[in-house]
């Protein structure tokens, strides 16, 4: 089942994919009533492909090349970057972390070091419990820092939109945000888990 934009061009096929498609069509013609056993069929195709000469494979190579040209042309007309996502502008301001994520970035390494082999889910659960057990005054430093980062982010976005590029201002806030973002990007799965824990 295709996901996402139905207008997105069909993916390009490899020479082997064209070969398998041809084998499937041959099978249907010879045995229209016999359903294809996918595992067995794939194995036979693979074995047959390995024994074919370069000359025999060349027909499928040409088909794959033609399909690549078709795909590249359609993708160019289609617009969005591969995968249906717009390419991220590396200079665009990055979304700032919340107070909870700042807390997580500080305590996640400590939990991992004291609990070797702990799963992502358990780390997130522990972080969620720790955060929920903090009183307001203990949470305040993280919330204040997050608010400052958000304020700077909003200014950066305004700059970015007005100038068409991001003014790469240096400063402790940007450095702190960059550090947190790098860690967050590396552990996106953990963030998703942590968001759930924070909401509970």
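Each residue, glycine too, has its Cβ placed from N, Cα and C.
The N6-acetyllysine feature in Swiss-Prot is assigned to 3 (among others); the stated evidence is similarity to another entry.
Annotation comment: Swiss-Prot describes 23 (among others) as cysteine sulfonic acid (-SO3H). Its own atom aside, the Cβ of residue 23 (cysteine sulfonic acid (-SO3H)) has 17 Cβ atoms within 10 angstroms in the protein chains shown.
Per Swiss-Prot, disulfide bond is recorded for 23-45, and the stated evidence type is similarity to another entry. Residue 23 (cysteine sulfonic acid (-SO3H)) falls within a helix when secondary structure is assigned with DSSP.
The 10 Å shell around the Cβ of residue 30 (N6-acetyllysine) contains 8 further Cβ atoms across the protein chains shown. The annotation N6-acetyllysine is assigned in Swiss-Prot to 30 (among others) on the grounds of similarity to another entry.
Marked as N6-acetyllysine by Swiss-Prot on the basis of similarity to another entry: 43 (among others). Note on residue 43 (N6-acetyllysine): other Cβ atoms within 10 Å of its Cβ, all shown chains, come to 11.
Following the DSSP three-state reduction, the secondary structure of residue 45 (disulfide bond) is helix. Taken from Swiss-Prot, the feature cysteine sulfonic acid (-SO3H) covers 45 (among others), and the record attributes it to similarity to another entry.
Taken from Swiss-Prot, the feature region 'Disordered' covers 71-97 (among others).
In the three-state DSSP scheme, residue 98 (phosphoserine) falls into the coil class. Annotated phosphoserine per Swiss-Prot: 98, in sequence order, evidence recorded as similarity to another entry.
The cysteine sulfonic acid (-SO3H) annotation in Swiss-Prot covers 104 (among others). Counting every protein chain shown, the number of other Cβ atoms lying within 10 Å of the Cβ of residue 104 (cysteine sulfonic acid (-SO3H)) is 31.
Within 10 Å of the Cβ of residue 112 (N6-acetyllysine) there are 12 other Cβ atoms, across all protein chains. Sequence annotations record features per position, and here Swiss-Prot assigns N6-acetyllysine to 112 (among others).
Per Swiss-Prot, N6-acetyllysine is recorded for 139 (among others). Residues within less than 8 Å, Cβ to Cβ, of residue 139 (N6-acetyllysine) and separated from it by at least 6 positions along the same chain comprise 99, 103, 131.
The region 'Disordered' annotation in Swiss-Prot covers 161-200 (among others).
For 182-200, the entry in Swiss-Prot reads compositional bias 'Acidic residues'.
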Cα distance (Å, whole number) from residue 104 (cysteine sulfonic acid (-SO3H)) to residue 98 (phosphoserine): 10
Using a 10 Å cut-off between Cα atoms, which of these modified residues sit near residue 45 (disulfide bond): 23, 30, 104, 112? 23
